[in-house]
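**Q** The annotation Zn(2+) binding site is assigned in TrEMBL to 81, 83, 87, 131. TrEMBL lists 120 with the feature N-linked glycosylation site. The annotation signal peptide is assigned in TrEMBL to 1-22.
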């Protein structure tokens, strides 16, 4: 075969059948349209939690945002924690309470404010503000979407609201990133 024919054959093989496939992918093999019910779900040993990473930095290669679908069973909640990224919640079903301590300039989170929320609510968590989300409804699951900026996040967990910042436990990578993270870093943001 001549060089021109090889080039034509190579180009045809390269683009035949793969153009449609490539157009359906957002990043590194991730389909643009996916069904949440077919995605991996886990509790990561946290009672009452169901977590699905819809779009992740480590898992899927996203650089600016990460999106999760989470469910908290009746009475369940997140640990008291903070992180150096913005976080937005969109409540799909159920109700609960956001506990938010905006005293990150003090030596410990301090007494949190209580913000009740319900279905169709949205709320945001400012950078480095300690918070906790609790399903206060004893009869219904709490389902929400979470969007974070600047993934992957470093999570600092507190035993209580008066635990000093310097004693908070660093979780990096966080539970759902542990299996795919290669070189963890351990720098405190505060």
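Using the three backbone atoms N, Cα and C, a Cβ is placed for every residue, glycine included.
Worth saying up front: this structure is predicted, and the values here are computed from it rather than measured.
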**Q** Within 10 Å of the Cβ of residue 81 (Zn(2+) binding site), how many other Cβ atoms are there?
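**A** The Cβ of residue 81 (Zn(2+) binding site) has 20 Cβ neighbours within 10 Å.
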**Q** Using the residue listed as 'N-linked glycosylation site' as the reference point, find which of the binding-site residues 81, 83, 87, 131 has the shortest Cα-to-Cα distance to it.
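**A** Ranked by Cα distance from the residue listed as 'N-linked glycosylation site', first place goes to 87.
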**Q** Provide the number of Cβ atoms within 10 Å of the Cβ of residue 131 (Zn(2+) binding site), excluding the reference atom itself.
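**A** Summing over all protein chains shown, residue 131 (Zn(2+) binding site) has 22 other Cβ atoms within 10 Å.
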**Q** For the recorded positions 83, 87, 120, work out the Cβ neighbour count at 10 Å and name the residue with the minimum.
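**A** Per-residue Cβ counts within 10 Å for the recorded positions 83, 87, 120 bottom out at 120.
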**Q** Taking 8 Å from the centroid of the Cβ atoms of 81, 83, 87, 131 as the cut-off, which other residues in that chain fall inside it around the Zn(2+) site?
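**A** Leaving out the recorded residues gives 78, 82, 125, 129, 130, 155.
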